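Here is what TrEMBL says about this protein:
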- B:40-58: transmembrane segment (TRANSMEM)
- B:70-90: transmembrane segment (TRANSMEM)
- B:96-114: transmembrane segment (TRANSMEM)
- B:121-141: transmembrane segment (TRANSMEM)
- B:147-167: transmembrane segment (TRANSMEM)
- B:194-217: transmembrane segment (TRANSMEM)
- B:246-266: transmembrane segment (TRANSMEM)
- B:278-296: transmembrane segment (TRANSMEM)
- B:302-322: transmembrane segment (TRANSMEM)
- B:329-347: transmembrane segment (TRANSMEM)
Amino acid sequence: MVREPILTCRGLVKRYGRVTALDHADFDLYPGEILAVIGDNGAGKSSMIKAISGAILPDEGEITLEGKPVHFSSPMRAREAGIETVYQNLALSPALSIADNMFLGREIRKPGVLGSWFRMLDRRAMEKHARDKLSELGLMTIQNIGQAVETLSGGQRQGVAVARAAAFGSKVVIMDEPTAALGVKESRRVLELILDVKRRGLPIVLISHNMPHVFEVADRIHIHRLGRRLVVIDPKEYTMSDAVAFMTGAKAPPEPALAA
Amino acid sequence: MAQVQEFETTLDGGDKTVASFDVHDTGLRRIQNFLHANPAAVPLIVLVVSLLIFGLLLGSKLFSPFTLTLILQQVAITGIIGAAQTLVILTAGIDLSVGAILVLTSVVMGQFTFRYGLPPAISILCGIGVGALCGWVNGALVSRMRLPPFIVTLGTWQIILAINFIYSANETIRSQDIDAHAPILKFFANDIRFGGAVLTYGVLAMVLLVLILWYVLNHTAWGRHVYAVGDDPDAAELAGVRTSRILLSVYTLAGIICAFGGWVLIGRVGAISPTSGAFANIESVTAVVIGGISLFGGRGSILGMIFGALIVGLFSLGLRMIGTDPQYTYMMIGVLIIMAVAVDQWIRRVAG
């Protein structure tokens, strides 16, 4: 079975002053899979994710998307290329409505003169798209699409952020600690959302410290240690304590790491 | 459905009721929600109530078309400068240089006409260009150098005011000279009269400007981005808003609006004096705050600012007509400012 990875990184290096956050890190994401990225604090996993989502520019190394090298100078560039990120802080504007938030930075304008001359937003179209997307992901407990995001619960806000990524992500969706701030019930909702997104055929990069969640949904687990990829394991062949042992250095990784 | 973790199986037996907010959802809570959705409602209510109270005290003296339109004339400059201030405060900034830009641009429009003999229309354009430049400098310092807006505009306020006095050589251009040589500079002093009502073009310009900005802020992408930047700049940036470009455009536009205000100011004052418009700064911030626009950014409506300006105008004129010491006016405005901020904090808690 020869599969081509949709997104790869080779030899990424990122230094902050004298600290090397990424030390020739590699990364591979295959189509349609959920790849979990785990690692201790300071292992450099968030620097790697930021490099992929365009939030930082690596000093060295190469990122390729569908075989073509890419250089993301800002999150906008990554988004234009089809990589959507759900940030840990969600990146929502609390006072704006759900629809306004989902379309922030890529608003739909009214057709004709109203749109081109008066730059008028097409609220109805944006609200319809937003509602469709939310109901597709089973999030229609929200009564009013025009309500401000700050009036929603934590789980609902997470849902809006995931829906935004799923609505616009055409190639890759990255989720940074999506369940960290949530209760048991909301976490369950979000895990189902993640599997929903996968069913749509989008590959997902999931960064999490929550081992049960990682082992439940991930197809492969990328273990990051000391600024580089230590090993990629199959969650069916290893236990959670193995994974923790690899990532903390308590145990040496299995020798020739499985290629894919 | 995802396979369920062992510890989660008990969820099914759990309490299925969603957090229901107790039914003291009536009364106060509902008012809070209404005000949260309609930030201009508070100043509008205050305006109507104080209009009624002053009406009871003053009777027909207040409710004559002449008096009511006089209030409008007196707040025209505050309203225009307040519109510029609104844009900046919505981005969680503050512009202390608005008053200085107002005066400098009116001086530029006058001096370019009378000192260099430029056609007055060209001088007006030059004045607006100077306003845009001042605003751009503020914006560049705030967005590129990432300096705090309060400090930046505190500095440019002094600089622009100093340039204003040096350049004008403290000269006033007399009203008769303007009438004789460049009447277009006083364009906004023209008026429409019907009955006893006097609506100057300056008042109409203020109303039109506010309506245009209301449309832009609520119905264009740029306007939504202004709110998003003021709300949470990091989130806005990650969500795809070019925050620094938005900030630069907001400060530049504020400068242009102030320059436009400088033109209206010539009509209002009659002469062009480097010392006029001295209170525009503090009055614009007052109008914005009483208008329910949050100094922390991202919340409020520009319509509230106009209501805020009208409240101040009504108090000044009303108390003067009753014949109280003018200090009571300042005292009342001070009370209103503090109340407005307290109400803003209370409304924000709806999110809690």
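Each Cβ is built from the backbone N, Cα and C atoms, and glycine gets one as well.
Below 8 A, the CB atoms of the transmembrane segment (B:147-167) and the transmembrane segment (B:194-217) form no more than two pairs separated by six or more positions in the chain, fewer than 3 in all. Counting C-beta pairs under 8 angstroms (sequence separation of 6 or more), the transmembrane segment (B:96-114) reaches the transmembrane segment (B:246-266) with 3 or more such pairs. Sequence-remote contacts of a segment are chain residues at least 6 beyond its ends whose Cβ falls under 8 Å from one of its Cβ atoms, and for the transmembrane segment (B:246-266) they are 76-77, 80-81, 83-85, 87-88, 90-91, 93, 95, 98, 101-106, 108-110, 124, 127-136, 138-140, 142-144, 178, 185-189, 202, 205-206, 209, 222, 225-226, 229, 272, 276-277, 280. Counting same-chain residues at least six beyond the ends of the transmembrane segment (B:40-58), those with a Cβ under 8 angstroms from any Cβ of the stretch are 34, 290-292, 300-301, 303-304, 307-308, 310-311, 314-315, 318, 321-322, 336, 340, 343, 347. Outside the transmembrane segment (B:70-90), and at least 6 residues removed from its termini, the chain residues within Cβ reach (under 8 Å) are 98-99, 102, 149, 198-200, 202-203, 205-206, 209-210, 213, 217, 226-227, 230, 250-251, 253-255, 257-258, 260-261, 264-265, 268, 277, 280, 283-285, 287-288, 291, 293-295, 297-300, 302, 305-306, 308-310, 312-314, 316-317.
Sequence-distant contacts of the transmembrane segment (B:194-217) (same chain, at least 6 residues past either end, Cβ-Cβ under 8 Å): 64-66, 68-70, 72-73, 75-77, 79-80, 83, 86-87, 90, 187-188, 223, 226-227, 257, 260, 264, 267-268, 301-303, 305-306. Residues of the same chain lying 6 or more positions beyond the ends of the transmembrane segment (B:329-347) and with a Cβ under 8 Å from any Cβ of it are 32, 35-36, 39, 42-43, 46, 286, 289-292, 294-295, 299, 308, 311-312, 315-316, 319-320.
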